[in-house]
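For reference, Swiss-Prot has these:
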type     : residues                                                                                             : note
ACT_SITE : Asp69                                                                                                : active site, proton acceptor
BINDING  : Ser7, Gly8, Asn9, Gln10, Gly11, Lys12, Ser70, Phe152, Gly153, Tyr154, Asp155, Lys175, His180, Arg181 : substrate binding site
BINDING  : Asp69                                                                                                : Mg(2+) binding site
Amino acid sequence: MKLVLASGNQGKLNELKALLSKQPVEIYSMSDFNNIKEAQETGKTFAENAIIKAQNVADSTGYLSLADDSGLEVDALDGAPGVYSARYAGENACDQDNNNKLLRSLKDIPYKQRTARFKCVIAIAYPDTPPVTFTGTCEGYILREPKGDRGFGYDPLFYHPDMGKTFGELYQEEKSSISHRGKALEKLVANFQDVMSLMEG
C-alpha cells in the first residue's frame with residue numbers, strides 16, 4: 001500500500017520511513033506529486049488542521065495520507081499560541097519574534113503559573129473513509145529567558161522538569177524520546193496495522 005506524507009519536509013519523510021520500515025507500505029512525499037494544492041489550515045485545533053492537510057492529500061492522490069500539526073499551549077494564556085504557534089507574532093514572524101512576544105505576554109506571570117505543553121496531532125486519511133488521529137503531548141514550563149541553541153521555535157524557552165533542561169539544550173535523540181511528536185508517532189506505529197485494516201476495509 002502507498003502512504004503519502006502531507007509535507008515536503010525531507011527530515012519528516014526520513015523519520016517516517018525509519019519508523020514504518022517493517023510495515024508493508026511504500027512511503028512518498030507530497031513533493032512526488034504534481035497535482036496537490038496547498039491545504040488551507042483553517043482549523044481551530046491541531047486535530048482539525050492535521051485532518052484538513054491529510055484529507056487534502058488523500059483526495060488529491062487517491063492514496064492513504066498522513067499529516068501532523070503541532071504547537072505550544074500556555075495555560076496562563078488560555079492555550080495560546082496554539083494553532084497560531086508558527087505565526088504568533090504575525091504572518092512573517094521568525095522564531096525570535098514569536099519567542100519575544102511569548103516572553104512579553106508572560107512578563108508578570110510567576111514561574112509556577114508558566115505551565116505549558118507542546119502538542120502534536122497526527123492524522124491519517126483515505127478517500128471516503130473517516131480520518132484517524134493520534135495525539136502526543138509533552139508538559140513543561142516557559143522560562144524567562146532562552147537557554148540552548150539546539151532545536152527550533154519555542155525550544156529554548158520550553159523547560160522540561162524531568163530532563164532538567166530546555167528543549168533547546170537537548171540533543172535530537174534526547175528530545176525525540178520525550179517529545180510530543182515522538183509520542184504521537186509511537187501511538188501511530190503501535191496501531192498502524194489496525195489503521196491499515198480500517199482504511200482498506
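Each Cβ is built from the backbone N, Cα and C atoms, and glycine gets one as well.
Quick caveat, the model's predicted, so the values are computed rather than measured.
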Other CB atoms, at most 10 A from the CB of Asp155 (substrate binding site): 23
CB contacts for Gly11 (substrate binding site) [other CB atoms within 10 A, all chains]: 9
Listed binding-site residues (Ser7, Asn9, Ser70), ranked by Cβ neighbours within 10 Å, top entry: Ser70
Assigned element (helix, strand, coil) containing His180 (substrate binding site), judged by DSSP: helix
Ser7 (substrate binding site) to Asp69 (active site, proton acceptor) - Cα separation in whole Å: 11
Longest CA-CA distance among Ser7, Gly8, Asn9, Gln10, Gly11, Lys12, Ser70, Phe152, Gly153, Tyr154, Asp155, Lys175, His180, Arg181, per record bound to substrate, angstrom: 22
